[in-house]
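All remarks here apply to the structure that follows.
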Amino acid sequence: MEKKYILALDQGTTSSRAMIIDEEGEVIGVAQEEFDQIFPKPGWVEHNANEIWASILAVIAGVLLKTNISSKEIAGIGITNQRETTVIWDKESGNPIYNAIVWQSRQTEDICKQLRKDGYEDTIRSKTGLLIDPYFAGTKARWILDHVDGAQERAEKGELLFGTIDTWLVWKLTGGRAHITDYSNASRTLLYNIYDLEWDDELLKMLNIPKAMLPEVRPSSEVYADTVPYHFFGEEVPVAGIAGDQQAALFGQGCFEKGMAKNTYGTGCFLLMNTGEKAVRSENGLLTTLAWGIDGKVEYALEGSIFVAGSAIQWLRDGLRMVRQSSDSENYASRIESSDGVYVVPAFVGLGAPYWDSDVRGAVFGLTRGTEKEQFIRATLESLAYQTRDVLYAMEQDSGISLKTLRVDGGASANNFLMQFQSDILGVPVERPENKETTVLGAAFLAGLAVGVWKDKNEIKKHWKLDKRFEVEMKEEQREDLYEGWHKAVKAAQAFK
C-alpha cells in the first residue's frame, strides 16, 4: 500500500488535534479532543500530562477511522506543540512526577525575581535570546524539582527526564526509545545556547538542572524513531518532524527566505520574521529564537508577541455585548469611514513587545457625544493592526530588513476589514492563505521532507495557495497621522497607573 499521507499532531493549550495531510498539502481529515485546565492557585496553570497523552491517542484513532485511511498509508508523523509547557517524568515507569506546568503559568515568578537579583539577565539574553520570565521552560523545571520530594536527587542520578510537550509525546509514541527535542523547542527553555547549539553548562548551573535529564536536540526534520506498533494499529510509523507552534506556522506559511514574516492572530498575536542563518540580537525587547534546523543548518527568527488580539474582539462580544458574534465586528467597522479619533488601547494584561509594560491597563481615548458603537468596534479592531506595526517596526530596526509582505493566519485573519487596515497601516501588502491551518501544515511539511513525500522547500512553496491579497490603499500622510495618534494613546495609557 502506497504511503502517501502525513499525520500531523497539533498539541495545543486547550485541545489536541490530529490531521491527515495529502501530497498536495490539503487537509483530508481532522479529529479534536479537549482536556482539562488545572488552576491550583490564581495565576497558576497546569495540565495532566497523561491526559494530554490520552487525548493524542484518541485523536490519532479518531482521524484514521473518520477518513478510513489505513495506518499503513501514513508515511510519517509531524508534531507541533504549545511551547514552553514543561513535563518531568520517571524514566522507568513513564509517569510524570507532577502536572505539566503550562506556558501561561506565573508560578515561577519568585525564581525569576531571584535570577534578576543575581544579575543573570545579560547572560541569559546573550546566550538564549530570551528574557527572564516565568513563560520559559527552565524555571518551570526548577520549580518541579524544588516542590517534589527527592526530585533533585533522583534527577542527578538520571532517574528523571525533562521535556517540553514535543519531547513527552515522542517519548510516549516511541515507547521510550527516543528522548529528543528539536532546535525550535530547545530554544525556548532558557537552558539552550542558540549560538553554540548546545545545552549551556553555565545556564544549567544557574538553575541547578542536571544535564542527565535533558533530551538530545535534533533537527526539526529528520526520522527520530518509529512508533511502537500497539499505539498505531500495529504499524511502526516514523516520527519525522517537530517544531514549536509559532515556528511551525512560519514554516507552514512558506516564510523560507530572510525577511519574510507571518502574524498569527489568535487570542494574542505572534509575529515571527525569518532572519536567515544569522541570529539578530534585539535592542527593542523582541526575542531571538531558533526557527528550525534542516539539512545540517539552522535558521533564526525574531519574535514579538502581542498579549491581546482576538480576545479584544471576544471582549466586545462577551464583556460589552456590542456584537452577537465576533465576525459581526467586520460589518460594524465597515459601516463608517473612520473611527473619528477614537483609540482603544487593549492593555487588559499589560502590553507585550516592544513596550513590555506589565502595569499599564486598557484605556479608550477620543470619545465624544457623537461616538457610537461602530467607532468603538472599529477602534478596537484597529488596535490589533497598530500593535502589529509596533512589533514589525521593532523587527525592521533590529534586523535592518524592510518587510515586503506580511503573511497572516489565525482566527481574526478572516476579518477583511482588519486585514485591509493592517495593510494600510503597515504600508505593505498582506497575504492570507487558502489553508489557514498553517501550524499543522508546518509540522506536516517538516515530517514530509524527512520521509520523501516532498523533495525540498521549493516543492513545498507550491502548496502555499493565496486566498486574498490586501493591497495598500491609504495615503502615507493619513497612515502616519493615524499611527502618531496611536502612540499618543499608548503614552497616555502608560501615564495612568
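Note that Cβ sites are derived from N, Cα and C of the backbone, with glycine treated the same way.
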In Swiss-Prot, THR13, ARG17, THR267, GLY411, ASN415 are given as binding ADP, so which of GLY62, GLY310, GLY370, GLY452 is in that site too?
GLY310
ARG83, GLU84, ASP245, GLN246 show up in Swiss-Prot as binding glycerol; which entry in TYR135, TYR183, TYR192, TYR300 does that record put in the same site?
TYR135
Can you tell which of GLN314, ASN415 has the least company, meaning the fewest other C-beta atoms within 10 angstroms of its C-beta, among these binding-site residues?
GLN314
Of all the binding-site residues given, GLY310, GLY411, which has the fewest Cβ neighbours within 10 Å once its own Cβ is left out?
GLY411
Which of THR14, THR267, all binding-site residues, has a Cβ with the fewest other Cβ atoms inside 10 Å:
THR14
Mind telling me which of the binding-site residues ARG17, ARG83 has the densest Cβ neighbourhood, counting other Cβ atoms within 10 Å?
ARG83
Looking at the binding-site residues THR13, TYR135, ASP245, GLN314, which has the shortest Cα distance to GLY411 (ADP binding site)?
GLN314
Work through the recorded positions one by one (HIS231, THR267, GLY310, ASN415) and name whichever has its CA nearest to the CA of ASP245 (sn-glycerol 3-phosphate binding site).
THR267
Write out, in the order they occur in the sequence, the residues of the chain not among ARG83, GLU84, TYR135, ASP245, GLN246 that have a C-beta within 8 Å of the mean position of the C-beta atoms of the recorded glycerol site.
GLN82, TRP103, ARG188, GLY244
